[in-house]
């Protein structure tokens, strides 16, 4: 697909997605008192205190499940802005609606993922950034980056985009992240959020979103080894990248729900390569036909990508992220061992 056609492609596919959704998303008023119900507020307080909170149960309880991003976003914004005197709420609600509508109905990179990563980022900021005195607008900028980090994601990776979209800029090795960052900033400007946050924070949002590119993973692992000596911008990039790949560090049941959704996108992308008559990259696994093949597909990412980053950030067995990922790795290894010994 020519890069010049990308904007129209995204608009059309997103419009198709939006016609499937409940109408209440577009009917939300910027004058809503809080943007969430008392039940949702109780659940979201659990979300920001318990990393093992299950967002899927929360989504099931929403009147409109597609409102999850707006609901989580305004909750996090209000926590950050409790002492902020600026008139931020109407602009924030407009921005959240635009971002929510920009996500597509794909198995993994959707509104639920975006909301979940914003909550994961909150947990990381609580652990690592308290001593650095981020102000209210800094926190809102961080949450904006998390909530918008995958807008317009088509459900397949840069591998497919680079192979078949005909990207003209050969120097751009992460075209999807480029789209996510550019569109996030565009929506900030359209809603007045960019004016509220200021140019420095808008640039930070753009940079944090670009940092979610997995091709930069090894660089962020190395930087995380000296986290305290990094610039604030680099530390926040590490935080969002870690939050974005944190699913294997969740409780076993939550990890499994996310893992299956991620695998579905990988399988779908593999099918797209095959439909083009092209051998899929080896990193796209065939559909799992047994517990062993599924466990094998899951364990490598946890063991060789996510865990090294977490250990570089904080090598402590008392950190629940480390405890969870070690437990999940052990259970996957036990499944493989049990079946191989039969």
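Using N, Cα and C of the backbone, Cβ positions are placed for all residues, glycine too.
Given the structure is predicted, the values throughout are model-derived calculations rather than measurements.
Look at TrEMBL and you will find 32-339 tagged as domain 'PDEase'.
The annotation AMP binding site is assigned in TrEMBL to 109, 110, 111, 112, 113, 150, 244, 298. Listed in sequence order, 150, 258 are the same-chain residues six or more apart from residue 113 (AMP binding site) with CB atoms under 8 A from its CB.
Among the features that TrEMBL reports, active site, proton donor is placed at 109. The DSSP secondary structure for residue 109 (AMP binding site) is coil.
Residues or ranges marked as Zn(2+) 1 binding site in TrEMBL: 113, 149, 150, 244.
Other Cβ atoms within 10 Å of the Cβ of residue 150 (AMP binding site), summed over all protein chains shown, number 26. Among the features that TrEMBL reports, Zn(2+) 2 binding site is placed at 150.
Mean model confidence of the domain 'PDEase' (32-339) amounts to 95 (pLDDT, 0 to 100 scale). With respect to their backbone Cα atoms, residue 111 (AMP binding site) and residue 149 (Zn(2+) 1 binding site) stand 10 Å from each other. If you count neighbouring Cβ atoms within 10 Å for each of the binding-site residues 110, 298, the highest count belongs to 298. A separation of roughly 23 Å, to the nearest angstrom, links the Cα atoms of residue 298 (AMP binding site) and residue 149 (Zn(2+) 1 binding site).
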